[in-house]
Amino acid sequence: MAKSARASVIKKNNQRLKANVFGPVEQARAERLSAKLLELAKAPKPEREADTKMDVEDDDDAEINGDDEKKEAKADDTSMDVDSAKPKRRSGRIQKQRKKTSKVVFPKYSDRRGGSKGGVSKRK
């Protein structure tokens, strides 16, 4: 007997396994993760070359086309203008996930049995 999950022997065995088997594995995993995070934290941040290239191309286009408006717009973009951004439109309803219903429909017991439609019981 005493083989349920609440039995003291099972609980002792689980505690021993956690300490001796799974404990070192968890510690090693934590050490690996912390070493990886430290390495990432010490590494210098890469510069964004795509943004600098895009700015250079915009300047070249402005020089070629002679557009002064783009330069003015670029100067306006650097200032903080939070209210100018339009909020995203969402529908007023909350879209909830619906449970899939079964496509198979079984006939009711009264239909299979050929039950009376009058609803009169046979008991008296």
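Cβ atoms here come from the backbone N, Cα and C positions, even for glycine.
What TrEMBL says about a protein is an automatic prediction, not a curated fact.
According to TrEMBL, the feature region 'Disordered' maps to 1-22 (among others). Helix, strand and coil counts from DSSP across the region 'Disordered' (1-22) read 15 helix, 0 strand, 7 coil.
Summarising model confidence by region, the domain 'DUF2423' (1-44) averages a pLDDT of 91. The domain 'DUF2423' feature in TrEMBL is assigned to 1-44.
Per TrEMBL, the feature region 'Disordered' maps to 40-124 (among others).
TrEMBL lists 42-55 (among others) with the feature compositional bias 'Basic and acidic residues'.
The compositional bias 'Acidic residues' annotation in TrEMBL covers 56-66.
Under the heading compositional bias 'Basic and acidic residues', TrEMBL lists 67-77 (among others).
According to TrEMBL, the compositional bias 'Basic residues' annotation covers 87-102. Long-range Cβ contacts of the compositional bias 'Basic residues' (87-102) within its own chain (Cβ-Cβ under 8 Å, at least 6 residues beyond either end) are absent.
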